[in-house]
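*Asks:* According to TrEMBL, the protein carries these features:
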- HIS95: active site, electrophile (ACT_SITE)
- GLU167: active site, proton acceptor (ACT_SITE)
- ASN9, TRP10, LYS11, GLY173, SER213, GLY234, GLY235: substrate binding site (BINDING)
Amino acid sequence: MRKKIVAGNWKMNTNLSEADVLTTALMKGYDRKENTEVVIAPPFTHLYHLYELTRTTNIEVAAQNMHQASKGAYTGEISADMLKSVGIKTVILGHSERRAYFHEGDQLLAEKVSAALKEEMKVIFCFGEELEDRQKKTHFNLVESQLKEGLFHIAIDDWQNIVLAYEPVWAIGTGETASPEQAQEMHAFIRKTIAEAYDQTIADHVSILYGGSVKPANAKEIFSKPDVDGGLIGGASLKAEDFLAIIAAI
Ligand SMILES: O=C(CO)COP(=O)(O)O
């Protein structure tokens with residue numbers, strides 16, 4: 001049975017005290033659900049504090065990025081080893097904002113994925129097409145290529161540490177969501193692509209999250225689709241009430 005996951009990507013939002021208040025509210029409101037994982041990904045500066053705060057709960061704290069090298073002269077960067085040293089075992093890689101604003105391409109992401117897996121971290125690997133790709137009807141090709149170039153170098157055993165997040169760029173922060181049917185269609189395609197490159201068992205076991213303007217009002221319908229195993233939530237993860245409502249919808 002695939003794990004259901006609701007993950008909150010806080011992006012560059014919250015100072016430490018706001019992060020503390022938000023996490024405390026989540027801890028109070030979260031009723032543990034069988035086979036469901038809740039993840040929050042705050043900014044780097046809050047990781048250790050929130051890891052300590054949530055230590056005895058079922059809320060997992062993740063990083064939003066990491067560098068591919070283990071250490072060295074890379075001013076401003078953070079390595080997998082550093083994340084692990086403050087209790088962090090999960091990292092988001094390949095987010096469209098990293099791809100667009102920080103020019104992270106498939107090759108670099110492949111290196112980051114390898115570096116994270118080597119340190120036995122879990123990776124939430126993000127990908128998704130731009131509006132233009134969908135209009136040109138090249139969105140399936142694009143997604144296939146993002147998976148092949150950034151992820152399909154990993155070994156079969158590594159898949160147990162991979163969660164996928166399909167995030168169509170045109171739906172991120174825009175209020176526009178992919179319809180549940182569009183999400184299902186792409187998630188089924190992703191599973192088929194994995195089955196062809198690896199095998200059906202791996203495709204059947206990997207959790208695939210949908211991300212892009214998921215809100216309490218639309219979460220249930222999106223999550224009801226058979227190949228959608230949860231969500232990666234941006235804006236709505238910054239309000240405890242909304243995030244809890246989305247978790248309740250899984
Ligand atoms: O980018 C996202 C999560 O990583 C989605 O953001 P929004 O939920 O704000 O559209």
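Cβ coordinates come from backbone N, Cα and C, glycine included.
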*Asks:* Of all the recorded positions here, LYS11, HIS95, which one's CB has the most other CB atoms within 10 A?
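*Replies:* Ranked by Cβ atoms within 10 Å, first place goes to HIS95.
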*Asks:* Given the binding-site residues ASN9, SER213, which one's Cβ is surrounded by the fewest other Cβ atoms within 10 Å?
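*Replies:* Comparing Cβ neighbour counts within 10 Å for the binding-site residues ASN9, SER213 gives SER213.
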*Asks:* To the nearest whole angstrom, what is the C-alpha distance linking TRP10 (substrate binding site) and HIS95 (active site, electrophile)?
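*Replies:* Given the Cα positions, TRP10 (substrate binding site) is 12 Å from HIS95 (active site, electrophile).
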*Asks:* Which secondary structure state does DSSP assign to ASN9 (substrate binding site), in the simple three-class scheme?
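*Replies:* Where ASN9 (substrate binding site) sits, the three-state DSSP reduction gives strand.
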*Asks:* Could you measure the widest C-alpha to C-alpha distance across ASN9, TRP10, LYS11, GLY173, SER213, GLY234, GLY235, the residues recorded as binding substrate, and give it to a whole number of angstrom?
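*Replies:* Comparing all Cα pairs, the maximum is 14 Å.
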*Asks:* With Cβ-Cβ distance below 8 Å and at least 6 positions apart along the chain, what are the contacts of GLY235 (substrate binding site)? List them in sequence order.
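*Replies:* GLY235 (substrate binding site) has long-range Cβ partners GLY173, SER213.
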*Asks:* Between the recorded positions TRP10, GLU167, GLY173, whose Cβ has more other Cβ atoms within 10 Å than any of the rest?
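*Replies:* Answer by Cβ density within 10 Å: GLU167.
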*Asks:* Any idea what the Cα distance is from the residue listed as 'active site, electrophile' over to GLU167 (active site, proton acceptor), rounded to a whole Å?
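*Replies:* So the Cα of GLU167 (active site, proton acceptor) lies 8 Å away from that of the residue listed as 'active site, electrophile'.
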